[in-house]
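J.: From TrEMBL, for reference:
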- 23-322: domain 'Plant heme peroxidase family profile' (DOMAIN)
- CYS33-CYS114: disulfide bond (DISULFID)
- ARG60: site 'Transition state stabilizer' (SITE)
- HIS64: active site, proton acceptor (ACT_SITE)
- ASP65, VAL68, GLY70, ASP72, SER74, GLU87: Ca(2+) 1 binding site (BINDING)
- CYS66-CYS71: disulfide bond (DISULFID)
- CYS120-CYS318: disulfide bond (DISULFID)
- PRO164: substrate binding site (BINDING)
- HIS194: heme b binding site (BINDING)
- CYS201-CYS227: disulfide bond (DISULFID)
Amino acid sequence: MAASFRVAVAVTCALVLATACQGLQVGYYNKSCPRVEHIVRDEVKKFVYKNAGVGAGLIRMLFHDCFVQGCDGSVLLDPTPANPRPEKLSAPNFPSLRGFEVIDAAKDAVEKACPGTVSCADIIAFAARDAAYFLSRFYVKIDMPAGRLDGRVSNASEALDFLPPPVFNITGLVGSFAAKGLDAEDMVVLSGAHTIGRSHCSSFVPDRLAVPSDINASFANLLRRRCPANPTPGNDPTVNQDLVTPNALDNQYYKNVLAHKVLFTSDAALLTTPATARMVLDNANIPGWWEAKFKKAFVKMSQVEVKTGKQGEVRRNCRVVN
Ligand code: HEM
Ligand SMILES: *[C@@H]1O[C@H](CO)[C@@H](O)[C@H](O)[C@H]1NC(C)=O
Ligand SMILES: *[C@@H]1O[C@H](CO)[C@@H](O)[C@H](O)[C@H]1NC(C)=O
Ligand SMILES: *[C@@H]1O[C@H](CO)[C@@H](O)[C@H](O)[C@H]1NC(C)=O
Ligand SMILES: *[C@@H]1O[C@H](CO)[C@@H](O)[C@H](O)[C@H]1NC(C)=O
């Protein structure tokens, strides 16, 4: 790389948000694939308008991709004889993670327009960003930097190592986000994604339905009616995370936390330190506050441990390494 170009990049980075500058750029495909962001958005729109839950799945997919091997599309890789246990088969992802068919459709459409140009990692980031846009009724609008490369490593055991389980307390949660360069406020703000989508009963039974519990008694009773006492793979229904506005990406999650009507120990844990409880209150009560913080934290999360240069490739098929 020419020294003058490096200097230009450094200067540009000094001028924009520090978080938008780990080698990624907004409009990265301006020249090489100018329509990519439109193409992905149209695919996401089709799927999300048919089933809002798929949009929730895409937002969660970005989180699960980024926390394991960085945001590199590793969560998309299918099992092979040489690698029978990729991330997507790990307990945090299988069978709950959804939206893979949207990524496949987007990748097919993008490959037709610009073969071999756009990484699967960037497609996940664009798709998650678009899902947030549609589910927030066009309120959460994010300029998504791009230029991520796809990884070649995907191991289920690493998903267990890095994805925080729903039984974590505040110490565990802060620690797992810190391990990815995200702070306690990022963690609180990103947990607000639990304002959409669903959970399988097995993710909170029996943990949250034991007595005594801090959970609202009538909410707990509702969950007891909807969930078996011992969920099994063959009998594991789902419930919505947010009973008030189940498909809206809004700040209702924080009102649910305050009302003790949330599914996970990790959600309730946000009230267990004064600093994080304060953030919950602000997110619940100040209009527009959470949405502004969410946009920043989302972009920050989308840049965790991204691969550039020789560390990755642009996969032709998102499910297999080249
Ligand atoms: C703070 C730590 C977190 C924990 C412990 C956690 C845990 C979980 C669990 C257990 C589920 C239910 C999965 C199922 O049984 O179907 C879930 C769902 C979900 N999570 Fe999280 N999560 C966390 C953070 C995040 C973050 C950072 C995001 C994205 C910004 C996110 C987005 C979602 C979404 C959208 C769903 C619904 C998915 C669907 O409907 O398919 N979560 N989470
Ligand atoms: C791509 O184009 C947009 C809109 O004109 C501009 O804001 C952005 O900085 C451009 N990015 C690159 C990397 O060229
Ligand atoms: C995945 O990680 C585990 C634990 O470190 C290791 O035993 C296993 O060999 C790895 N699998 C592959 C295919 O690299
Ligand atoms: C959080 O959980 C860890 C691991 O289970 C435990 O050692 C620790 O004491 C807990 N911390 C708090 C503040 O409850
Ligand atoms: C639990 O929720 C119910 C129904 O919304 C409400 O009437 C009740 O006051 C709540 N319980 C407590 C202890 O806040």
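Even glycines carry a Cβ here, placed using N, Cα and C.
TrEMBL labels come from automatic prediction, so no person has curated them.
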J.: List nothing but the one residue from CYS33, CYS227 whose Cβ has the fewest other Cβ atoms within 10 Å; the candidates are the disulfide-bonded residues.
T.: CYS33
J.: Kindly point out which of the recorded positions HIS64, VAL68, GLY70, GLU87, CYS120 have a C-beta less than 6 Å from some atom of ligand 1.
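T.: The recorded positions passing the 6 Å Cβ test: none.
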J.: Taking GLU87 (Ca(2+) 1 binding site) as the reference, which of CYS120, PRO164, HIS194 (the recorded positions) have a CA within 10 A of its CA?
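T.: None, since no candidate lies within 10 Å.
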J.: Applying a 10 Å Cβ distance cut-off over all chains shown, what neighbour count does SER74 (Ca(2+) 1 binding site) have?
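T.: Within a 10 Å radius of the Cβ of SER74 (Ca(2+) 1 binding site) lie 28 other Cβ atoms.
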J.: Which residues, same chain and not among ASP65, VAL68, GLY70, ASP72, SER74, GLU87, have a CB within 8 angstroms of the centroid of the CB atoms at the recorded Ca(2+) 1 site?
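T.: Residues close to the Ca(2+) 1 site, other than ASP65, VAL68, GLY70, ASP72, SER74, GLU87: HIS64, CYS66, PHE67, GLN69, CYS71, GLY73, VAL75, ALA121, GLY151, SER154.
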J.: Name the one residue among CYS120, PRO164, CYS201, CYS227 whose Cα is closest in three-dimensional space to that of CYS71 (disulfide bond); these are the recorded positions.
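T.: Spatially nearest to CYS71 (disulfide bond) by Cα position is CYS120.
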J.: State the Cα to Cα distance, in Å, between GLY70 (Ca(2+) 1 binding site) and PRO164 (substrate binding site), rounded to an integer.
T.: 15
